[in-house]
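Okay, so here's the structure we're looking at.
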Ligand SMILES: [Zn+2]
């Protein structure tokens, strides 16, 4: 049968509008993990799952899981192998309405289509709505998907939000049992694969005039804190040739990072200095201490590790040439999570069947798939978004593109064959 792309897109938009109305703040969308608004959104999603023909339940982390039984599955059956489709329903502060929520809504609409067509598969389909992807409340990120993957670290329970409330306390207030975290974990036998639909959050698809794209990997990432020390002095009296200006050294280091990333276009390398402290921070004093953080990402780990070494060597040379010293500390190092080729092929075929090109792209942003990769193969389908903008109320995807994304997900599930797993 032919899919009504326009109708699927309109349904997605209406559901996203309904979810976006659930916010901690009156005039903008903010929905952090384990807040009363998270609970309201989770209930709404659970209701939609039930209306679409799934049995909905909440796990120990508050992740809503809708279960669409496989062909001939007895009621209440355990350990049924399943295809997982998911994304998240938490947001950043002052968010857009597509990031995360589109993936959850797409999964629900796909299952609703199967129910309407009386279609069952030899595997179950679970739709997951995670609550802690953005990390906008606690120091953790991806804690709910980590629990699903059996990789939750109980040390995270002690992390506190800006009001001093621990994750442990927030879970109890939400009605969750911290002792039951282990029960959220799926087994490898149950989790056949994980697939996520998400807005691109970058400009590549729009630039190429392409509605959808197949993700090859989620970029690995380093965060390196650099401290540069020079000598303070009077901004008016110390001649330029006699200065040991820590800020100028740091500025040159940032430009060096840019040059290194630009030299690796094939590795989708990106380098950003997004935070910098200049001390003592007076208009008329030459800075003697600067601290900044280099965020370095790439599509694979080896070139990223090499680039970081190159940066540090270059930065040390820059500091020395300017009479400064530097120290560095890489406090975050997250490896690349590669999308499984057999699932990428499945997505490519589903786009083919819709007459769409299937460009491949790297995700520079983190996603729940990084957690899910610990337990199963995963893949992602990116949806074009206007201007590549996300984490912003201006975030936008068209009805047509969202309809195509749901249709592609439907085709993907119909063509899904766990026997193709390596
Ligand atoms: Zn997201």
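Keep in mind that glycine also has a Cβ here, set from the backbone N, Cα and C atoms.
Noted in TrEMBL for the protein shown:
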BINDING   88, 99, 198  Zn(2+) 1 binding site
BINDING   99, 134, 391  Zn(2+) 2 binding site
BINDING   223, 284, 297  allantoate binding site
DOMAIN    223-319  domain 'Peptidase M20 dimerisation'
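Features per TrEMBL, on structure.
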residue	record	DSSP class
88	Zn(2+) 1 binding site	strand
99	Zn(2+) 1 binding site	coil
134	Zn(2+) 2 binding site	coil
198	Zn(2+) 1 binding site	strand
223	allantoate binding site	strand
284	allantoate binding site	coil
297	allantoate binding site	strand
391	Zn(2+) 2 binding site	coil
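Note on proximity: among 134, 223, 284, 297, 391, the binding-site residues of the record, the Cα nearest residue 99 (Zn(2+) 1 binding site) is that of 391. Summary: among the binding-site residues (99, 134), the fewest other C-beta atoms within 10 A of the C-beta are counted at 134. A separation of roughly 48 Å, to the nearest angstrom, links the Cα atoms of residue 284 (allantoate binding site) and residue 88 (Zn(2+) 1 binding site). In this entry, 223, 284, 297 make up the residues listed for allantoate, with the farthest two CA atoms of the set 36 Å from each other.
Counting only residues at least six positions away in the same chain, the Cβ atoms of 219, 220, 221, 222, 268, 269, 270, 271, 304, 364 sit under 8 Å from the Cβ of residue 297 (allantoate binding site). Cβ packing within 10 Å was compared across the binding-site residues 88, 198, 223, and the lowest neighbour count falls to 223. Excluding the listed site residues 99, 134, 391, the same chain places 91, 92, 95, 96, 100, 133, 136, 201, 390 with Cβ atoms within 8 Å of the centre of the Zn(2+) 2 site Cβ atoms. On the 0 to 100 pLDDT scale, the domain 'Peptidase M20 dimerisation' (223-319) averages 97 in the predicted structure. Looking only at the binding-site residues 88, 134, 198, 391, the one with its C-alpha closest to residue 223 (allantoate binding site) is 134. On the backbone, the CA of residue 134 (Zn(2+) 2 binding site) and the CA of residue 88 (Zn(2+) 1 binding site) stand 8 Å apart.
Ligand 1 lies under 6 Å from the Cβ of the following binding-site residues, listed in sequence order from 99, 134, 223, 284, 297, 391: 99. Annotated pair residue 88 (Zn(2+) 1 binding site) and residue 391 (Zn(2+) 2 binding site), C-alpha to C-alpha distance, rounded: 13 Å.
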